[in-house]
Amino acid sequence: MSAEKKYVVALDQGTTSSRAIVFDQDANIVGTSQREFTQHYPKAGWVEHDPMEIWATQSSVFTEVLAKTGLRSEEIAAIGITNQRETTVVWEKATGKPIYNAIVWQCRRTAAICEELKARGLEEYVRENTGLVLDAYFSGTKVKWILDNVEGAREKAMNGELLFGTIDTWLVWKMTNGEVHVTDPTNASRTMLYNIRDLKWDEKMLDELGIPLSMLPEVKPSSEVYGYTTRGGGSRIPIAGIAGDQQSALFGQLCFEKGMAKNTYGTGCFLLMNTGTEPVRSSNGLLTTVAIGPKGEVNYALEGAVFMGGATVQWLRDELKLIHDARDTDYFASKVGDTNGVYLVPAFVGLGAPYWDPYARGTMVGLTRGANRNHIIRAALESIAYQSRDVLDAMQQDSGIKLAALKVDGGAVANDFLMQFQSDMMHTPVVRPTRIETTAMGAAFLAGLAVGFWKSSDELEDKFSVDREFIPQMSHEERNKLYHGWQKAVERSRRWAEED
């Protein structure tokens, strides 16, 4: 490797913004650039993005970050891509023009298609072979919808004139001027079209959904040189890493070993546990998905999502007006020794794993005349930790692995009260890294390893530093008593919106 190749760039294409982050050889951030883009809601429950706007924002932040840092393309060793998963783009092979907006992972328009597939008895097949639940969340039914609803699309697809990709595939196609049509196993495993056991596109699912194989990208390892771009002006830069956002965060947290887990605390919480080289089937409603091993090879993970994490704090701020800033919660929660018996179950949109109850609704129980603002704020923070424990307990049950420590990232990890309570509630150390940009770091690591910028995953271990480790301090009796109260509160919230 030439001595002047001093940096790796991660392109982090998210649900609301596109970012570019430059890392040096010590995994320090040298520069960042970010641009938001438009969310389109054409009907209730529908969510779309303009693929050309995604490309424009992602391309411009890359150019911007080089300009801001004064770096030349010759100094960039490689580019890694991490992306919002499941979001679906279909475009014309000849022109590179999308035939419809990108259908976003949050979009519910294909729920009826999923119900039809369930009626045809496909639920068990999907679970067993793709690791997923039959839901509108995943890409497969979104592709079918586009082929069924865009005029002439199905005919063009059958003639080999259309291409499909998740956002990673779309970006690589654009960056290589249409030369490379590729994805990685982590993104492929979120399409409902990929067999996670055989590690290839699943012909039965393609047949059931009427999707020709010719539309699909080639699946290549998450750490490999896929092609080159001249977007930075000047020399060709290798595009050498791809991973879906949550798997990228797992890799960025160096969760390479079986049983290692991370929790990303954002609007919701995403928990992933590496289960090693064999897929583990969940009996608790968790997803089985592809993760990445230390050499970029396929590993597997269990994944569970908590719908309301940071969103619960936003509710305290925006609707109840109990706080002015999310950062205030640490202060108010620490002013009282406990919640005075108050539990908040933030089932505002139902409950996710392991309950899967769309009819659950937000509930506050245990209120007495002595309950005050501090107790309610504390109960809201505690609810994030309780829900995370629900998922982690399910993971430990499914995998038979006792968690040694939980690595954490995302905005809410700055809240010391929440991190300590999380550790207490799970009776497990919680490890907060110094650098919390772990999603982008994962993509940078994958790209850097592919081109020899970093020699091995062992070298990456030296780049990982811990800001603080939270050690459990709560007694066994106290923890059990509090968690039992939470379970009772959850029961009160369940099936609330069901029609009598």
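Using N, Cα and C of the backbone, Cβ positions are placed for all residues, glycine too.
Cβ neighbour count for Thr15 (sn-glycerol 3-phosphate binding site): 19 (other Cβ atoms within 10 Å of its Cβ, all protein chains included). Annotation comment: Swiss-Prot describes Thr15, Arg85, Glu86, Tyr137, Asp245 as sn-glycerol 3-phosphate binding site.
Under DSSP, Gly310 (ATP binding site) is assigned to a helix (H, G or I) in the three-state scheme. Look at Swiss-Prot and you will find Thr15, Thr16, Ser17, Thr267, Gly310, Gln314, Gly411 tagged as ATP binding site, backed by sequence analysis.
The ADP binding site annotation in Swiss-Prot covers Thr15, Arg19, Thr267, Gly310, Gly411, Asn415 and is backed by sequence analysis. Around Gly310 (ATP binding site), a 10 Å sphere centred on its CB holds 18 further CB atoms from the protein chains shown.
Annotation comment: Swiss-Prot describes Arg85, Glu86, Tyr137, Asp245, Gln246 as glycerol binding site. Taken residue by residue with DSSP, Gln246 (glycerol binding site) is part of a helix.
In sequence order, Asp12, Gly14, Thr82, Asn83, Gln84, Arg85, Thr439 are the residues of the chain that are 6 or more apart from Asp245 (sn-glycerol 3-phosphate binding site) and have a CB within less than 8 Å of its CB. Sequence-distant neighbours of Tyr137 (sn-glycerol 3-phosphate binding site) (same chain, 6+ residues apart, CB-CB distance under 8 A): Glu86, Trp105, Gln106.
Shown are the binding-site residues Arg19, Arg85; the one with the most C-beta atoms within 10 angstroms of its own C-beta is Arg85. The distance from the Cα of Arg19 (ADP binding site) to the Cα of Thr267 (ATP binding site) comes to 18 Å. The shortest Cα-Cα distance from Gln314 (ATP binding site) to any of the binding-site residues (Thr15, Gln246, Asn415) is found for Asn415.
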